[in-house]
Amino acid sequence: MTEFWIFTLYPELFDSYLGSGLLGRALEDGKLVVARHNFRDFGLGKHKKVDDTPYGGGAGMVLRPEPILEALEAAEAKAGQRSHRILVTPRAKAYTQADAHRLARMDRPVALVCGRFEGFDERVGSFMDEELSLGDFIMMGGEVAAMAVVESVARLLPQVIGNGESLVCESYESGLLEYGHYTKPLVFRGLEVPPVLAGGDHKKIESWRTADSRQTTRLKRPDLLNPGQGKGPESLEPLEKDHE
């Protein structure tokens with residue numbers, strides 16, 4: 001069973017999200033556990049203060065380290081084990097599918113610490129195991145990123161996705177983007193489904209999908225074709241001819 005602990009000032013943001021679709025079913029079936037912790041409960045003074053002005057001046061407020069670390073340590077003490085601590089921050093490497101696989105194999109709870117305001121006191125990072133971001137952009141907090149991490153891991157767990165085969169063919173699993181999908185109608189506003197897909201020859205279909213995956217990657221994400229960037233061996237091979 002995979003377990004997440006989310007540390008946030010707004011635990012209610014997760015209510016609808018965690019109760020919907022396959023994610024909600026995974027929680028109901030006990031395949032996944034997501035506990036939410038409000039680190040304001042460990043805020044300072046009668047007003048439960050969690051932020052303060054930055055040393056050296058500057059705009060905005062900075063999250064203090066004490067409430068965050070005390071909330072983490074209290075959860076770990078209650079569980080009787082240390083969590084794998086992740087700081088969700090735009091000042092980190094971008095989260096990838098490889099990270100999702102790695103977290104899905106964790107044998108201890110994964111703690112996702114979500115920021116707000118101008119971010120965390122820099123010292124908070126000294127007590128984390130790693131940091132991650134969703135990409136090179138800024139949001140109002142880390143909650144959306146935490147939701148993305150939870151869902152990306154949950155769908156890798158056994159029996160969460162109905163057709164496990166679909167996971168193998170998806171974008172990034174081979175180091176390439178996934179091939180295009182088509183459904184009815186056969187022709188839509190002058191655009192036709194590639195004839196090979198409607199022909200029923202599975203060998204030709206597989207060949208088309210491989211070529212389409214490589215061509216799509218070359219056009220949309222050429223960075224994945226750089227040596228060492230992809231997960232699988234195909235991502236390291238140059239594209240010698242156009243997709244037919």
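Each Cβ is built from the backbone N, Cα and C atoms, and glycine gets one as well.
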Write down the one residue from GLY115, GLY125 that TrEMBL lists together with LEU134, GLY135, ASP136, PHE137, ILE138, MET139 as binding S-adenosyl-L-methionine.
GLY115
In Å, how large is the greatest distance between any two Cα atoms among GLY115, LEU134, GLY135, ASP136, PHE137, ILE138, MET139, the listed binders of S-adenosyl-L-methionine?
16
Going along the chain, which residues six or more apart from GLY115 (S-adenosyl-L-methionine binding site) have their CB under 8 A from its CB?
LEU63, LEU87, VAL88, THR89, GLY141, GLY142
